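Here is the structure we will look at.
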Amino acid sequence: MYRNRGSLGGNYIETMSCRWGTELWDQFDNLEKHTHWGIEFVERYTKFVKERSEIEISYAKQIRNLSKKYQLKKNSREEDEYKYTSCRAFLMTLNELNDYAGQHEVIAENLTTHIICELTRYIQDLKAERKSHFHDGRRAQQHIENSWKQLESSKRRFERDCKEADRAQQYFDKIDADINVTKADVEKRCSLKARQQAQMKHQVAEDSKNEYISYLQKFNKEQNEHYYTLIPHIFQKIQEMEEKRIERVGESMKTYAEVDRKVLPIVGKCLDGMTNAAASIQPKMDTKQVVESYKSGFEPPGDVEFEDYSMSMRRTVSESSYLNSRGEGKPSRSNSRGKLWPFIKRNKLMSLLASPRQPPPPPPTSPSPGAVSNGPQSPQQPKEPLSHRLNEFMTSKHKMHCLRSLKRGLSLKLGSGPEDCSHLPPEQRRKKLHAKIIDINKEIQKEIDQRDALTKMREVYIKNPHMGDPNSLDPRLEEINQNIDKLQLDARKHEAWLLEVETRLTEQGDPQRRQSGFYDSQATTPVNNNCAPVNRESPDGSYTEDHSTEHHLKSRSTEFDDDFDDDDPLPTIGTCKSLYPFEGQNEGTISMAEGELLYVIEEDKGDGWTRVRRNQDEEGYVPTSYIKVFFDTNAKDS
């Protein structure tokens, strides 16, 4: 069994082991064509690998651009999105995708280094080696052809000389055999000259024969050496060259596969990273983060009390009741007027509560509307009692719940908030203050590090005066100390605000305290004639106990004072010139004369009204079509 296997293996080896020198001794031209095709094949394979490398580079570039396109932009709104686990997982996926693109760049680099460059150099060497081998073959072939030509030439010369010697011999024999010629004529004609001529021709033929034999032996020897020594040796080198070429192509194909195989572990890690990123998504945490981001800290509003307006219907109309009502009405009106004066003197609030609700009048066609009897008038609307307007303002859910919210809305409308973040809801304010304290502490630590570095440098200068003047660092140290003091003051100020907010949130979160306050207010609240609601829950969650409408209005006027006394007037954003006169007869409007110059403090929001100011105490709305506005770019941007 093993013997048969060995014999089969030997036959296989014999079949595989062939020699071009013996098998293809007469196929010189075909071998030249075949080796030329082999070089073209290597060049085509090199071009294939080069195009694959370019595809990998292009693919990696597109993947990197895609990853960069969706990466987090600095100082952008997207920074807030990455507090969610799904967004962070997406960011991790982009980073892994960037590494994945890098592996394709590694593939392209390895293909270029280990295959393209190597095969390019090998092709040049292969062409030179092939040229050398076939040059030797052509030279050997030329040499054997020249030997053959010499042999043919000596052969033809030998043939010619033999024919001439034969003709000379026949001529001599003819003369010698003629019987009519006398002996004297024979001696005279065929004397020494004819004989010498015949002998000379024979000698020439003999020399040609010897030369022909010599060339024939030489050609046979060279031909034997050519076909059995030179050509097999040259063809064997060509065969070895071809086998090396094929082997090199096989090694390149193997390297081509190994280049991809080497990056598979890292590619697998990138894919595992993407899988882990997807597994890190936590829906519960994201929904909790929504609460952390948008929780205001306010308590939901309480129930709206019933206001009984039928009490006046039940009273009988009599003289006594009429006199009593007249007698009691005067002080009540004076009292109400006295209680409401804080609201009346606040132009800001009045302009907000009584802002125009109708579209502005169209501009007049005549140049001077004052000259026309039926000129444009300001929009007329029924005046509502201030208490109704205030109740509507205070109880409207889609508007602001309290004057603190009103102040917050004004701050947001102007584009800047106060330093204590009071324009934000309590919970958001607490987070904002906490973040500011962290930033301030970082700045303090940064300044302290700079101070320590300068202090050490100053000590070095003191020990080594030739390195520098220590007094030159004093101004910078003084500046850093001032910055540290300022930052520490800001930190203490923000910490106090943070403590205030946390204390309020703690009090708000105490259910027993809030419930007891609610029942106390219910128990101590008297019933008024108009049954106005007296239990109001402020946006910060605390409850107030109002014993009368007067106390209720007092508390609200106090809130107005607290929220608006310290407010600065709205900054001017430009000036305007009135094109037509306007009589501001409605609440919230202001009259103006033709050609009058006013300050613009709030531009038109799309409703056709512009808010202007004449002086510090007189401001209101005017129709936008009645004025020509000149905005101050710097003030508007600020």
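Placement of Cβ uses the backbone N, Cα and C atoms for every residue, glycine included.
Copied over from TrEMBL:
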- 16-286: domain 'F-BAR' (DOMAIN)
- 318-340: region 'Disordered' (REGION)
- 353-385: region 'Disordered' (REGION)
- 357-367: compositional bias 'Pro residues' (COMPBIAS)
- 423-500: domain 'REM-1' (DOMAIN)
- 507-569: region 'Disordered' (REGION)
- 514-532: compositional bias 'Polar residues' (COMPBIAS)
- 544-559: compositional bias 'Basic and acidic residues' (COMPBIAS)
- 560-569: compositional bias 'Acidic residues' (COMPBIAS)
- 571-632: domain 'SH3' (DOMAIN)
(message) If I take every residue in the domain 'SH3' (571-632) and average their pLDDT values, what number comes out?
(response) 88
(request) Over the span of the domain 'REM-1' (423-500), count residues by DSSP class, listing helix, strand and coil in order. (result) 72 helix, 0 strand, 6 coil
(request) Please work out the helix, strand and coil residue numbers for the domain 'SH3' (571-632) from the DSSP assignment. (result) 3 helix, 29 strand, 30 coil
